[in-house]
Amino acid sequence: MLESKGLNSPPIQDQIFMRVFKYYKSNKPQPSLEQVLNCEYNTALEVPMVQKQIISKEDLRASTLGLQECKNWKIFEFERHPRLILIKNPFTSYGQKFWIRKCLEEYPKKPNKTNIDLERHIEYWWQECFEGNECDKKLQKKLRWTTLGYHHNWDTKVYDEENKNSFPEELSELCDIVSQQLGFVGFRAEAAIVNYYHMGSTLSAHTDHSELNLQAPLFSFSFGQSAIFLIGGHNKSLEPSAILLNSGDIVVMSKEARLCYHAVPKILPASTQPWNKPEGYISIKKKGVNYKYIDQAKLISEMGLNNDNQEWSKFNSYVEESRININIRQVLKQNQKSLLDCNSNNT
Ligand SMILES: O=C(O)CCC(=O)C(=O)O
Ligand SMILES: [Fe+2]
């Protein structure tokens, strides 16, 4: 049996994850990024990723939700982490702008919950940041998380039927498209945490296990600045892999990977701004497309709002200094209607 060093330090086997976390978190000295997996270039010495062949057919909803044609998506799985999936930025730049704006302008609005609620009530955070002549940077930096759908309870870690609001339709549709492409059947987006990181922010090692349904995958969308994402095993004794996540990347933690320890030890300046990439017109098929949740016309008009560069510039200034991560889970079991519905005993 391994022994820990002192009374207050974690057992030695848990220190393996912590050691890697501290290494990448450090500013003095700066860590080497040589071992960080960058699927953009796939240059790691032993190729630890396998490119997955897409099994599904084209989804006509994709362009409306800001996604490129599904046949062009680059999907990876990791040899060291079975069922951890990475889709390298499948978004159009219009799509990235759309999702960034949603996370700033709309999702933190009431009745959704944010960390600022612990201090004071703000009805419309984004608007309040621009109440005066200048942007209130202090208030802008205060926002660390917003919860949607079933609200994550940070103290008890227990979801509650009384503590939920409607889940954004466009996010449900986005997850439906991605999950179908990956071959997951029946995924329902029911809870989300939107994380807002600034340069220097970190997220410590944890597993996400509050959901009743741990068979369903977890979807994680990243926008803005880049991050080092650490993922290990079911306890902290496995040396985690470090993966570079850039704007637009989607991480899916499914099956064996769903309950793995993970963390964000560092935010890195993005080397490019895919959300501002000049892009030709992406045609949207208007007729004969079957959406499950959204109103197509509404979404197309919202997407168009970002054509106005002056409007967009406020959101742009934010993501030039921050990273946004949308972390989406299914809470209920497959045939469960609510948390009070206890008849369900299957997954
Ligand atoms: O920011 C990330 O990439 C991960 C966020 C996360 O793990 C969480 O919200 O549970
Ligand atoms: Fe997490």
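From the backbone N, Cα and C atoms, a Cβ is placed for every residue, glycine too.
Source: prediction; values computed, not measured.
In TrEMBL, the Fe cation site is described by HIS206, ASP208, and among HIS151, HIS234, HIS262 the residue recorded at this site is HIS262. Helix first, then strand, then coil: DSSP counts for the domain 'Fe2OG dioxygenase' (188-332) stand at 29 helix, 49 strand, 67 coil. For ASP208 (Fe cation binding site), the number of other Cβ atoms no farther than 10 Å from its own Cβ, over all displayed protein chains, is 19. For the binding-site residues given as HIS206, HIS262, the lowest number of other CB atoms within 10 Å of the residue's CB is seen at HIS206.
The Fe cation site, placed at the center of the C-beta atoms of HIS206, ASP208, HIS262, has further neighbours from the same chain whose C-beta lies within 8 angstroms: ALA205, THR207, CYS260, TYR261, ALA263. Per-residue pLDDT, averaged along the domain 'Fe2OG dioxygenase' (188-332), amounts to 95 for this model.
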